[in-house]
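Features as listed in TrEMBL:
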- B:600-610: compositional bias 'Polar residues' (COMPBIAS)
- B:77-143: domain 'HMA' (DOMAIN)
- B:593-616: region 'Disordered' (REGION)
- B:160-180: transmembrane segment (TRANSMEM)
- B:200-225: transmembrane segment (TRANSMEM)
- B:232-252: transmembrane segment (TRANSMEM)
- B:258-276: transmembrane segment (TRANSMEM)
- B:414-433: transmembrane segment (TRANSMEM)
- B:445-468: transmembrane segment (TRANSMEM)
- B:762-778: transmembrane segment (TRANSMEM)
- B:784-805: transmembrane segment (TRANSMEM)
Amino acid sequence: MTVLVYLIPIALVLGLIALAAFLWSLKSGQFDDMEGAANRILFDEDDGPIPPHKPH
Amino acid sequence: MAECLHCGQNVPANSTGGAHFCCHGCAAAYHLIENMGLESYYQKRCLDPETQPIRPDENAPAIDFTSYVQTDDETTASLHLMVEGLHCAACVWLIETVLSRQPGVVSARLNMTTRRLVVRWRIGATDPQTLCASVSALGYRLAPYDPVLLGRESERQEKALLRAMVVAGFAAGNVMLLSISVWSGQGGDMNIITEDMMHWLSALIALPAIAYAGRTFFSSAIAVLRRGHTNMDVPISLAIALTAGMSLLETMRGSDHVYFDSAVTLLFFLLVGRYLDRRARGRARSAGEHLLALATGSVTVIGENGGKTIIPPAKATTGMHVLVARGERIAIDGVILSGTSDIDASLISGETIPTSVAPGDRVFAGTLNVSAPLHIETTAVGENTLLAEIVRLMENAEQGRAKYVAIADRVARLYAPAVHGLAALTFLGWVLLTPSPWQDALMTAISVLIITCPCALALAVPTVQVVAGGRFLKRGILLKSATALERLTRIDTVVLDKTGTLTLGRPELIVPEKADAPWRLDLALAYALARESLHPLSQSLTRAFDELGGEMPSDRGISVCDVNEIPGRGLRGSLDGEDVRLGNAAWCGLPLPSARRGTETSTEPRQSTKPPLGPEIWLRRPDAPPRLFQFIDSPRPDATQAVAALKRRGLNVLMLSGDREGAVAYAANRVGIADWRAGCTPSDKTKVLENLAAQGHLALMVGDGLNDAPALAAAHVSMSPSSAIDISQNAADIVFQGARLDPIVEAIDVAKQADGLVKSNFALSFVYNAVTIPLAMLGHVTPLLAAVAMSTSSIVVIANALRLARARARV
């Protein structure tokens, strides 16, 4: 049973770290625009050369 | 016809932007994007036909953004804006990229959900006007947005709820782990010291979590108790607080009856429900934002010496001389001093065809000046404008409806005192009538509280609503109000708006039954003129011409040259050296519409037999009498079936419209509505609904325009198509998507089924209580058993609600 003395605090601390991480991400606005974030990944700068589209 | 490479609109033949662009502004925007190497935007984007085209307007005056700039620290400043005209994620990408490439810009972030743009820059490196101009040049319209004033409060509450939910979830998980250890160790090899330590640890996690996460319920419970009422939050708070308090006592005594896990888990599930509920209604919060964004345009004032100054509408006063550029939304009420133009008053009247205006006519705030600059003398500003009047009507009407209370809360008013009374009675009974210590008596009383804990009751309505909401979402119906389903079950009248609701809000040319050769020839001639114009009726005419085959009659080539457009009147061109005109009656030299009806019989008998249906334009050509082209706003594809389905359900169907009588009668006849009223102002519509309510009728109002918003708020329950303007969507309880009307029927059916399920859920939880309460009062139930029983009843209620997801629609 003595192992509990280590395991329980470790479990709690890990849980608290996850909680703190979530609260931080919430505070930093990462949940503000779910729709935009889902689309944003498709519009990166490095998506390779694009065929030129000139008025003709 | 070619489409503009930038905005996707048709390119008129004499375009200022050349062969590929509809105007100079679009050409400039295209080259700007091309020069920045961002032309992939045109491949990525998908244009939304519901949104205004992204066409830069050179005449729109720049809004003075300087007063909205916030200084973040010594080196950076930021500006919060609302962007109009976003089509898809590609627009977000384009705006962000263009802004972040401006020198001095630190960051540019556009929230696609809320359409808010935050741009930060180093002070001195650039200025807000340059930044805004770079976005305006692409064709998007910017409005200043004050983050301090708007929407902050509800957003903050939503975030607080999410934080509380996460904290409760964390605590519930950990306490449950500890509890399972204790339970599995009981009777086994776990010694009493370890068990106590586990209990203390549970208390250490659970108590702060309850104190933090339970605030929503506690504060709400305290607030209603102060006013002498009860709601669902009172028994919930009491059960949680008592369970936690009792568990702490038991922990101190070193006893076994510790139920922190129950308290925290209950709290977690309740918070999940609250949060989902809040999210579903999240869209509603932008109501004020959009209204204020409309009002936060700017006013260009012309001074005594002819100099122009741009001021916020709040600073405008009556009697000012104001210039309204082409494409600008008017921010004040006034009278036109000079200039003729077309005004798009769809926001106020629901009428989608711009009306022509001339000096002396009144214009209203919120309307859009479509075709030419206007000089206006201000007659009303701010709170005195018609727009503000409509908003006030809407607010008044909404306050009336706020009295409606959800079934669950009404039940709780009776239920909570009964439950608390029983628990108190149990405690007193056990203390007075038995020799057991008061702690045991309190345990029994808590068992009663837990077993009657309104979980099943609290879940009865929300679960059904969540399931119904899910079923609605699949059909593109968004449920915004918690009590809308309950209200929908009791309606006996359906009130429909015409333009944009029953109809698609798009004018279609009426092709006569015998579209003979002369008519086709005239259409071809009209087409030759109309293709030069961006007026909705001209565009509708060119569309109809293309649909009819789009062929020029071969016997006679039509070559119209020197076409020019006179705003507010029509088009003029030259055919073989002679003058041809397309436009309103006066422009074509005809008498006024009222006088014309009588005289027309002799010249055009075929057309005069029909009442005036909708907008019309005339074609005047040199060698023949004028030709009339009539347009009709065509009904949604399933309007007739939907109206019939509503009638089959025994509902009265009524149509209210701000449109002219002829058009309303025609549309009513076509979809099968006998009871209709035309020419209604926003307050007329509200009055009709109030009269219905006074006669004891409960009405469902379906509408889309700002003119419907007060009526939507006044109705017992309201629906709005997703093509509606935001303000109406916000006033409505339910928003539906798509071009069809059957979501109305579907919503009524689902509401009726949901109502049945809510009632059976209440019945289930009452039966359960009737069986378990006496057992608990007699002390046959330990709190652990009570918690198990309570969970079981909750699961039964949820399972019952899930039946709604499987039920089939019977439209």
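Heads up, the Cβ atoms here are built off N, Cα and C, so glycines get one too.
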> For the transmembrane segment (B:762-778), which recorded stretch in the set B:160-180, B:232-252, B:258-276, B:414-433 gives the largest number of Cβ pairs separated by under 8 Å?
Replying inline: B:414-433
> Can you tell me how the residues of the domain 'HMA' (B:77-143) break down into helix, strand and coil by DSSP?
Replying inline: 21 helix, 27 strand, 19 coil
> With an 8 Å cut-off on Cβ pairs and a sequence gap of 6 or more, do the transmembrane segment (B:200-225) and the transmembrane segment (B:414-433) reach 3 or more such pairs?
Replying inline: no
> Apart from its near flanks, which chain residues at least 6 from the ends of the transmembrane segment (B:258-276) lie with a Cβ under 8 angstroms of it?
Replying inline: 158, 161-162, 164-165, 168-169, 171-172, 175-176, 178-179, 182, 199, 202-203, 205-207, 209-210, 213-214, 216-217, 236, 239-240, 243-244, 246-247, 250-251, 450, 453, 455, 458-459, 462, 466, 783-784, 787
> Can you give the mean pLDDT for the domain 'HMA' (B:77-143), rounded to a whole number?
Replying inline: 83
